[in-house]
Amino acid sequence: MRLIVGLGNPGARYARNRHNIGFMAVDEIARVHRAAPFRRRFQGEAAEVMLGSERAILLKPQTFMNESGRSVGEAQRFFKIPLADVIVLHDELDLAPAKLRVKLGGGNAGHNGLRSITALCGNEYRRVRLGIGHPGDKALVHAYVLNDFAKSEEPWVEDLCRATADHAPLLAAGEDASFQNKVHLAMAGRGWETVKTPAEAGKAKARDAN
């Protein structure tokens, strides 16, 4: 069994925030693979799903981002899932928009959801890093992640979540390299090989106007 966690903040106010792309991806996995309805459990919302031959629990912690580890730890203990079989989907500032990378363990890069999970559960879990790009200035990060995706970003966000969902059985099977490659090819095929952040797009537009 796998525990697949999407990180985000609960409530309509945060639903389309960049910080909530983990929730969006897990919702799409649930939709594509016809998961059971989400129920309130483990200080979050949880649903069972079959991904290929692997049974998985989808989890969206409802504790707010900074306390995500409480929810993850509760679900992990209940199902007795090894930490290596916990997979966390989260927004990644240090990855270009529309890119995806999978890694095991490592640092938290200032991500408070990961920091909470690491503190309460340990570090050797798999992370699916969903690139949202960086606003360019550290002082802008807080507002950037807690703002909604711009309208111009929504198409690639939807396509990234769909590609993640389509190939989730590979992720559940532990075939991380194949999963990552399939998502990359799907995104390239949809024209998302190079995507600028809104700030980068604005600068490029200003340069073109001069």
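Just so you know, glycine gets a Cβ as well, placed from its N, Cα and C.
The annotation active site, proton acceptor is assigned in Swiss-Prot to His19 on the grounds of sequence analysis. Here His19 (active site, proton acceptor) comes close to Leu7, Gly8, Asn9, Met65, Asp91, Val145, Leu146: these same-chain residues lie at least six apart in sequence, with C-beta atoms under 8 angstroms from its C-beta. Under the three-state DSSP scheme, His19 (active site, proton acceptor) falls in the helix class.
Listed in sequence order, Asn9, Pro10 are the same-chain residues six or more apart from Phe64 (tRNA binding site) with CB atoms under 8 A from its CB. Residues annotated as tRNA binding site in Swiss-Prot: Tyr14, Phe64, Asn66, Asn112.
Marked as site 'Discriminates between blocked and unblocked aminoacyl-tRNA' by Swiss-Prot: Asn9. With a 10 A radius on its CB, Asn9 (site 'Discriminates between blocked and unblocked aminoacyl-tRNA') counts 21 other CB atoms from all the protein chains.
The feature site 'Stabilizes the basic form of H active site to accept a proton' is assigned by Swiss-Prot to Asp91. Look at Asp91 (site 'Stabilizes the basic form of H active site to accept a proton'): DSSP puts it in a strand.
Reduced to three states, the DSSP call for Phe64 (tRNA binding site) is coil. Annotated tRNA site Tyr14, Phe64, Asn66, Asn112; additional same-chain residues within 8 Å of its Cβ mean position, judged by their own Cβ, are Asn9, His19, Thr63, Met65, Glu67, Ser68, Gly113. Neighbour list (Asn66 (tRNA binding site), Cβ cut-off 8 Å, at least 6 residues apart, same chain): Asn112, Gly113, Arg115, Ser116. Compared over the recorded positions Tyr14, Asp91, Asn112, the count of CB atoms lying within 10 A of a residue's CB peaks at Asp91.
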